[in-house]
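Okay, so here's the structure we're looking at.
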Amino acid sequence: MTLLQPFSALLLCLSLMMATSLLTTDKPEEKMYSCPIIQCSAPAVNGLPGRDGRDGPKGEKGDPGEGLRGLQGLPGKAGPQGLKGEVGPQGEKGQKGERGIAVTDDLHRQITDLEAKIRVLEDDLSRYKKALSLKDFVNVGKKMFVSTGKKYNFEKGKSLCAKAGSVLASPRNEAENTALKDLIDPSSQAYIGISDAQTEGRFMYLSGGPLTYSNWKPGEPNNHKNEDCAVIEDSGKWNDLDCSNSNIFIICEL
């Protein structure tokens, strides 16, 4: 339907009204019929939809929903250690324990035997100390130099000290060298626990390792006639010597 149709209907209605009025002038006795404009018009047509209105104000917060409860989450990390709590009250006294096992007679006998052996060792040690006091010895630092009072060659002197659980004396500093020379008789010599038998001209300690201290006489060591051993003289100076020389004092080191 076009927009001209309503107007056409209106014009038609007006025309009918005019025609009716003309008819009434000729026949007054007849009843007059009229056609209202509204009733005679064609049906109205719906217009286009209007624009959306503006959003209204925000509503109030609704009540919590009543959905299903979710699963429990994983445990969180352990928190920091709390402060030490106060000491609790003292507990009740416990029951009396069982009687301990008595020490057997066999254990008593073992203890008695050990005590007797200790007394024997103490007596022996006392005698050894007295015997040692009759010999020449000197303490220096943590060392003790003991003169055997005997003269041997190098190998026999080394063996003698080893039997006593010691080694041939070998001073490692000036203080030890001075203490060692004080044990030597005038115009005498004592073997030192060093040798260059393994490498000529390179003296080593018998226990291994190069020398950390020496006090050689001027021009020594000179390796005269295969002199692989060394001695300390009463002056404190060192000299290389033939190891087979048996006229040398033996001084041990503890």
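Note: Cβ is positioned from N, Cα and C throughout, glycine not excepted.
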Revision key, fill the gap. Of the candidates C40, C243, C252, the one Swiss-Prot records in a disulfide with C161 is C252
Practice item. List the Cα distance (Å, whole number) between C243 (disulfide bond) and K61 (5-hydroxylysine). Key: 112
Revision key, fill the gap. Mapped onto three states, the DSSP assignment of K96 (5-hydroxylysine) reads coil
Practice item. Between the Cα atoms of C229 (disulfide bond) and K93 (5-hydroxylysine), find the distance and write it as a whole number of Å. Key: 78
Revision key, fill the gap. By the 10 Å Cβ-neighbour count, the most surrounded of the disulfide-bonded residues C229, C252 is C229
Check your understanding: Near K96 (5-hydroxylysine), which residues of its chain come within a Cβ-Cβ distance under 8 Å, counting only those 6 or more away in sequence?
Key -> none
